[in-house]
Amino acid sequence: MNVGSNSVGNNHLVDINEVLHEEEEDHNEENSNISTIADKPDTRFNRPTKNREIKRPPRKFSRQVSLETGFSVLNGETSKDKNERKILRRSGNSFGGFGVNGTTGIEARNKGDFNMFRTKSTIARQSSKIPLRKESGIELQNNNVKEGLNDHVKKSVPAGRYFDALTGPELDQVKDSEDILLPKDEKWPFLLRFPIGCFGICLGLSSQAILWRSLALSPVTKFLHVPLFINFAVWLLAVGVLVAVFITYMFKCALYFEAIKREYFHPVRVNFFCAPWIVCMFLAIGAPPKTAPGTLHPAIWCVFMAPIFFLNLKIYGQWLSGGKRRLCKVANPSSHLSVIGNFVGAILAAKVGWKEPGKFLWSIGFAHYLVVFVTLYQRLPTSEVLPKELHPVYSMFIATPAAASLAWGAIYDEFDGLARTCYFISLFLYLSLVVRPNFFTGFKFSVAWWSYTFPMTTVSIATIKYAEEVPSFITKALALALSFMSTTMVCILFVSTLLHAFVWKTLFPNDLAIAITKKRYSKDKKPLMKRWTKHSPLSFVTSIGKHNSGDKECASEEEK
């Protein structure tokens, strides 16, 4: 048996038949009539090719097969789960590209199968154009691998897996001990790298439009003579960024809907599905006075609030009914974002003249805010442990009570005791985070940093409203200081975002969070076939060579 040194990826190939080289066969056919060769006892080189082909027993697999494929055939495995366990071998990096498009090995690992995250209709359309042909054993094996990977994508990932497998400011980085479905060392398509967290940029800019509108129109800051042109410029910038982000994400929904589903099941990103509609309501509230009427049409509130209401039914229903996505399992600081939508909707309802729907939304938001606040504050022993790097979104703690105070003041036209109570809560939480600067340092820049801006702006607006009710030097100074900090943070992040996006081109790295596997391949659940390929082909050939050389040495010693 001749051992070949060729390899297909990490599979070890063995030549299981004795094969003659083409040159030797041609030479034997030319000299088949020579008597000296014909008289020799060893006539295996002179056998006719046709007789040898007829007498050769039928082979069950090709001349050169991988050890992994050979043992799979001998074992007669037909179960899909077994095939997945024995084919999806842990590489320490990813499963991406293994056996894709009829290729294996190094070539396959270098090309990720991004079609597994495409919309189902697109995949079906592509498959219908492929002509039918007879598939070989390796191609059939690769198709089974591809179907197994697609099953890993289509099935929902448990919420606990995201906390176990991911880390980072918004659970967007994969731990070193985890494998993913796509290659880490290859740059993914832009749409797959575009997360829904980009709507956080729109939140920061649209809330700034409201802040500058308040600074220009409030009697407390009238001595500053802030022109309304700043509000108009920021509002236009926020509208432009929202349109760009929204169109890009719609393209992602159309082409990579499976990736959208992954983001929806993500415990952090599911809350950002409320962000586009909150941004739209912010833009309606902070619109320049010259371009917007005094009272908005109620249809605007219905269009922007309806998606948030249906998302609340889904998210709050999961929190209430229990299961794997109950609140104590998935609670994180970004959960405040789904609650803030109710308060912003209440403010817009009061602006369009619908006070009763505003009171209804405020009640829902405040009830769930208390539950989320208590759950995050006391950290139940049964809850998932939040990673240490999930610090930027902790500023969401201060946004919810500040938005509640603004909503109450807008509904009842006065900043009374309850509104001030909510404002004082947000102010205390703001100070408790400011005195801990190390809590927000040591992280690489990402889109998650925009989570700082929206809460700081909300507290600044609430401080201006409070200064109008309680005018004094301290309240005015506090309003100006918080407004200055908020605007400075937005400017710094906006410049950093432009630099990372267009100059350094590092704003959108591979979104590894959407490519995690449904189950972790731990050490005790390693694929069974891995033990057959434990040694490299070189070591396997070396061991056989040493064995043969040892036999020759023993034979020579016996002859001596």
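Keep in mind that glycine also has a Cβ here, set from the backbone N, Cα and C atoms.
Taken from TrEMBL, the feature region 'Disordered' covers 22-67, 75-94. Residues or ranges marked as compositional bias 'Basic and acidic residues' in TrEMBL: 39-56. Among the features that TrEMBL reports, transmembrane segment is placed at 190-212, 232-256, 268-286, 298-316, 337-354, 360-380, 392-411, 417-435, 447-467, 479-503.
Cβ atoms under 8 Å from those of the transmembrane segment (360-380) belong to residues 305, 312, 316, 319, 327-328, 331-333, 335-336, 338-343, 345-346, 349, 397, 400-401, 404, 407-408, 411 of the same chain, restricted to positions at least 6 beyond its ends. Long-range contacts of the transmembrane segment (447-467) within the same chain, counting only residues at least 6 positions beyond its ends with a Cβ under 8 Å from a Cβ of the stretch, are 168-170, 172, 195, 197-198, 200-201, 203-204, 207-208, 210-211, 214-215, 218, 220-221, 334, 392-393, 395-399, 402-403, 405-406, 409, 415, 419-420, 423, 426-427, 430, 440, 475-476, 478-479, 482-483, 485-486, 489-490, 493, 496-497, 507. Same-chain residues lying 6+ beyond the ends of the transmembrane segment (337-354) with a Cβ under 8 Å from its Cβ atoms: 270-272, 274-275, 277-278, 281-282, 284-285, 295-298, 300-301, 304-305, 308-309, 311-312, 315-316, 361-362, 364-365, 368-369, 372, 396, 399-400, 403-404, 406-407, 410-411. By the Cβ criterion (distance under 8 Å, sequence gap of 6 or more), the transmembrane segment (190-212) is not counted as touching the transmembrane segment (392-411), fewer than 3 such pairs being found.
Cβ atoms under 8 Å from those of the transmembrane segment (268-286) belong to residues 162, 170-171, 195-197, 199-200, 202-203, 206-207, 209-213, 231, 235, 238-239, 242, 246, 292, 296, 300-301, 304-305, 307-308, 311, 315, 332, 334-338, 340-341, 344-345, 347-348, 351, 390, 393, 513 of the same chain, restricted to positions at least 6 beyond its ends. Using a Cβ-Cβ cut-off under 8 Å and counting only residues 6 or more beyond its ends in the same chain, the transmembrane segment (392-411) has close neighbours at 169-170, 268, 332-337, 339-340, 343-344, 346-347, 349-351, 355, 358-359, 361-362, 365-366, 369, 372-373, 376, 418-423, 425-427, 429-430, 433, 439-440, 443, 448-449, 451-452, 454-456, 458-459, 461-462, 465-466.
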